[in-house]
Every structure is written in structure tokens, then in C-alpha cells.
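Feature annotations, reproduced from TrEMBL:
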{"type": "TRANSMEM", "residues": "42-59", "note": "transmembrane segment"}
{"type": "TRANSMEM", "residues": "71-90", "note": "transmembrane segment"}
{"type": "TRANSMEM", "residues": "123-145", "note": "transmembrane segment"}
{"type": "TRANSMEM", "residues": "166-185", "note": "transmembrane segment"}
Amino acid sequence: MSRLSSIEAEARRGAEVDAFHESITLIHEWKPTSDVFALKNYMFALSALSSGSGAYINSYYRKVVKLRNQAFISTLLPVVILPSVVASLLHHHFVQRPLVLQTFQCPVCLELRGGAVQFFAGFVYPMVLGPLAAFQFATRLYTYALPSVSEPKAWIKEFFKMTRPVLPKLYVLAGLQVTVILALVDEPV
């Protein structure tokens with residue numbers, strides 16, 4: 001009995017994948033393209049937005065800890081490139097697929113899910129990794145005097161001291177992440 005149910009579940013999953021691919025093909029061949037512009041291009045826009053916010057955060061913390069050209073690629077990959085990839089993958093799985101297959105129950109829930117995913121991938125993820133990567137390399141390369149790792153309160157205090165001057169810009173960046181995804185997800189619904 002369980003084998004039969006697993007076969008049925010796999011058949012449903014295969015049918016869902018086929019339906020998704022057919023829908024994507026239909027979207028890419030749709031004329032006029034202005035009708036499906038958001039569905040075709042919003043993944044690229046969100047990836048660019050995530051990369052842009054990651055680049056700003058990475059650049060700011062690298063400048064504060066005086067890293068200059070040292071460890072550039074080592075901070076670029078986790079703070080700028082990975083958020084872009086994570087944003088694309090999460091949006092594909094949690095927003096675009098339910099939107100195209102129309103498996104969601106409430107459009108507002110889908111918009112909020114999209115906003116939460118973009119806020120995480122475009123702001124929270126770079127905001128956590130940016131300072132950590134900069135602090136790690138500043139400690140290793142002796143470019144900035146940071147407290148000892150055994151003093152987490154001092155690290156947090158240092159983080160807030162560094163972040164305070166740019167806090168209004170970070171608020172705008174966080175709001176931009178959510179606003180753009182809400183506008184793009186709302187358009188095709």
C-alpha cells in the first residue's frame with residue numbers, strides 16, 4: 001500500500017514539473033511580451049538587487065576595517081555573489097513556482113512570502129556575512145584593532161559603532177528589497 005502511494009506521489013510530482021515547464025515555455029513565447037514582462041525578468045532584477053545591496057554592505061565594512069585590496073575575492077563571493085544565487089533559488093522555489101502553477105491559496109500570502117524571501121536574501125544574509133567576513137580578514141591581516149573573539153559583547157558593541165553612521169541607508173536598502181518584490185509579484189497576479 002505504501003509503495004502504491006509513493007508511486008502516485010512521484011507521478012504527481014512529475015506531472016507538476018511537466019506543467020511548470022510547459023507554463024514557463026508558454027510565458028517565454030507569449031506575445032505581447034509586455035503582458036508577462038515581470039514573470040520573465042523579475043528573477044534577474046531581484047538577483048541584481050541582492051547583489052547591489054551585498055556590494056554596498058561589503059564595500060562599507062571593508063572600508064571601515066581598512067582592508068583595501070586585501071581579501072577582495074574572499075569577501076566578494078559570500079557577501080555579493082551568493083545572495084544573488086540564493087535569492088534566485090528561493091524565489092524560484094517559493095514564489096515563482098506557486099505563482100505559475102497557481103497552487104497558492106491567497107495572493108497576499110504569496111506576496112508576503114516573496115517579500116520575506118527577498119528581505120532575507122537581499123538584506124539579512126549580506127548584513128550578517130558582510131561584517132563577519134570583514135572582521136575575520138581584518139583580524140587575520142591586522143588592518144583594524146578588533147576585540148578578542150572571547151569577548152562577544154565587545155564585538156557586538158564594535159559592530160553597532162561601525163554600523164551607526166550608515167544605519168539610515170541600511171533602512172532604505174531593507175525597504176527597497178521588500179518594496180521591489182511586492183511590486184513585481186503583484187503585477188502578474
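Placed from the backbone N, Cα and C atoms, the Cβ positions cover glycine too.
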Would you say the transmembrane segment (71-90) and the transmembrane segment (166-185) are in contact under the rule of three or more C-beta pairs closer than 8 Å, pairs 6 or more apart in sequence? no
Residues outside the transmembrane segment (71-90) whose C-beta sits under 8 Å from one of its C-beta atoms, at least 6 past its ends, are 43, 46-51, 53-55, 57-58, 62, 117-118, 120-122, 125-126, 129-130, 133-134, 137, 140-141
